[in-house]
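As recorded in TrEMBL:
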REPEAT    133-166  repeat 'TPR'
REPEAT    173-206  repeat 'TPR'
Amino acid sequence: MESPHLDGAEESGAAGLYRQAIEAFEQGDLELAQRYCAPAAKLYDQDSDTRVADAYQLLGLIAYWQNDYSASESWYTKSLAVYERNGNEPEVATTCHYLGSAAIRRSDYSAAADWLWKSVHIREELGNEIAAGESYHQLGLAAYQSGDLASAERWYVRSIELDEKNGNTLSAASTYNNLGAVANAKGDYQTAEKWLWKSIRIGESHGNEIGAAGSYHQLGVVADSRGDPDSARRWYLESLEISRKLNADSEMAKTFANLFGLAMNGGDSKEAEEWLKKALKVYTDKVDIKAMLFLGEMAEEQGETRVAERIYRIAVEVAENLGVDGVEAKDRLRSVSKTGWRVLMPRWKSS
């Protein structure tokens, strides 16, 4: 997600704090950004300054990237109220887009679609096709994650049409990657690989290495899906090599997780443990509870209830220590703890 636009306001008081918050956010220092932005929002609010909406929106973005989606939505909602009151339609659309993205992360796909359609309608009325393409992309993601593959494909194709019409090539490459995921979910591995190689070619020709890393990762997913673990491992390691070079922690963690699943499925307990530790370290540092739950699901799918219990317990501890929502992690832990006694001799142990 891009950061809100800074309009060059004076460099003192709330405006100065907000400028520093923007700079910290763009450098990836979320804690520092929050420390600057919170007092800026308070000062703007005290002065009844409409720029308070920008500060609220930035606080929402900060919370989003801290994986605190409840706080994110709260800030976005406050921002939206001010933008709507002042008739700022472009920012209304942007904030609706952000609310839709946060809802996707909470797995509330109905709410996500509602917000994203509001964003699409406004952006199309304003003639902002590139921005509309971004919201169609997110509609595709919401549909994909809810299991509606036909709608996912339709909205991704619409997003690509708008991007290619407007020369937004790198954004189109990202959506080609996601079309590959849709084709893979449909079991059409040849089409999946076609879309992914198209994404890789665009990414590499434009110097977008992180995008290429994501598509190599997805090639690994496709290979794994069609029962070719050797190719899956090769593509995962290709992705990992690029991600490590770029210090792209989130992309690395995603690949660590899949290498964990691949090793676990192949019965290599030592390698699986190594990848699991690497993934958990990143997810713990980033407080990504949802990703931890995914790791637990992978273990459960292999019948490794004790491993899943260990992962869920870590997720609960992280949530409690940092005061974020850990309800789902607690539910998973209770569930797996009740069924764990059934697994007398797990095929793969975590120690």
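Using the three backbone atoms N, Cα and C, a Cβ is placed for every residue, glycine included.
Note that the coordinates shown come from a computational prediction; the quantities given were computed from them, not determined experimentally.
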For the repeat 'TPR' (133-166), what are the DSSP-based totals of helix, strand and coil residues?
30 helix, 0 strand, 4 coil
Quickly jot the same-chain residues contacting the repeat 'TPR' (173-206) by Cβ under 8 Å, restricted to those at least six beyond its ends, or write none.
137, 140-141, 144, 149, 152-153, 156-157, 159-160, 163, 212, 214-216, 218-219, 221-222, 225-226
Secondary structure content, the repeat 'TPR' (173-206) (per DSSP, counts of residues):
30 helix, 0 strand, 4 coil
